[in-house]
């Protein structure tokens, strides 16, 4: 596959760089422009196109498929997250300091206990779904599980090592990542999914079934979502200017009060995950933290454009830019987005190859079995770091 893609890249580069004659044509490294050509003309993209070709070629040359055995595709993440505690382990004092940052759980005698009040019951329930089957394998331990959207332990604010489990973080945080509750239940609640997305196992089946053949997909970019941040505005504005290139519109969220909240337009209707599969190019933006939508988009066998690389979930590092998805800088302008989308419209084989690799990776390495495997590895290795005798907290309830 890499050999074939390499041929496509080389042939495409040769077309771009062939304009070297003296008959009014520019040299390869010059900016090829025609005074009568539209400012959005194809020749203005040549520098960007070279950049994209080179990025894809470099990424593929250095790519080594991960080992799917025993969820090892995600092993480096777990190793890095637990590294701060490797030398001296986890002490009772650390747990006491961590309690303010999340929900307190205990595993005692292969039973699970939790503080009575849970800020987000569906999220706690999703966590407990994955922990309960592992109880016969686990030693006694205290766990502080953060079910909020935002990570808690900033590396520059916290001088002490504090073990808090969170589903998502950036490089600025030292939280220990766990597979989110939303693999089972909870997640963003919208009208179409009033109790949250949940049930990754079922979505894997329904979205894949809804995926249209590549040729049948509309060759345009697509996005639906609320205006969580203005990082999404450039794509929406491009859509309004060039609806044949992009269909990107804002939907309502709980804070919506007027069209001003949807960039001075009426909110669009929400669409199911399956409806996304009609389109060849799908954009993913972060929300408050990492996007729950991200993993679902790959199941459409469409090309995923992932905006920003700051926010992570446990499985993100196994996905490689330009190999499995197209990376997009956070503050891209409408013009930059236009160039990127147009490139993949005009280089359909490259787009399809990246889309297929992205689908295969998620399908093969983010099964529910992989999620359960990661939970198992996480809790067993975490348990080995406990350096004190865990005593039952009588204020906790069995769950």
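Using N, Cα and C of the backbone, Cβ positions are placed for all residues, glycine too.
Pulled from Swiss-Prot, these are the features on record:
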- 149: active site, proton donor/acceptor (ACT_SITE)
- 224, 225, 226, 227, 228, 232, 271, 272, 273, 289, 290, 291, 292, 293: UDP-alpha-D-glucose binding site (BINDING)
- 66-73: disulfide bond (DISULFID)
- 71-373: disulfide bond (DISULFID)
- 118-124: disulfide bond (DISULFID)
- 277-300: disulfide bond (DISULFID)
- 19: N-linked glycosylation site (CARBOHYD)
- 67: N-linked glycosylation site (CARBOHYD)
- 1-18: signal peptide (SIGNAL)
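For the pair residue 273 (UDP-alpha-D-glucose binding site) and residue 124 (disulfide bond), the Cα-Cα distance reads 24 Å. A distance of 11 Å separates the Cα atom of residue 373 (disulfide bond) from that of residue 73 (disulfide bond). The number of other Cβ atoms within 10 Å of the Cβ belonging to residue 273 (UDP-alpha-D-glucose binding site), over all protein chains shown, comes to 18. Of all residue pairs in 224, 225, 226, 227, 228, 232, 271, 272, 273, 289, 290, 291, 292, 293, the annotated binders of UDP-alpha-D-glucose, the farthest apart have Cα atoms separated by 21 Å. Secondary structure from DSSP puts residue 66 (disulfide bond) in coil. Fewest Cβ neighbours within 10 Å among the recorded positions 71, 118, 277, 290, 300: this applies to 118.
Taking Cβ-Cβ distances under 8 Å and a sequence gap of 6 or more within the same chain, the neighbours of residue 271 (UDP-alpha-D-glucose binding site) are 192, 224. Taken residue by residue with DSSP, residue 71 (disulfide bond) is part of a helix. Secondary structure at residue 228 (UDP-alpha-D-glucose binding site), taken from DSSP and collapsed to helix, strand or coil, is coil. Between the C-alpha atoms of residue 149 (active site, proton donor/acceptor) and residue 292 (UDP-alpha-D-glucose binding site), the distance comes to 11 Å. Each of the recorded positions 67, 226, 228 was scored by other CB atoms within 10 A of its CB, and the lowest score goes to 67. Rounded to the nearest whole angstrom, the C-alpha distance between residue 300 (disulfide bond) and residue 226 (UDP-alpha-D-glucose binding site) is 21. Recorded residues residue 277 (disulfide bond) and residue 226 (UDP-alpha-D-glucose binding site) have their alpha carbons 19 Å apart, per Cα-Cα distance. In the three-state DSSP reading, residue 277 (disulfide bond) counts as helix.
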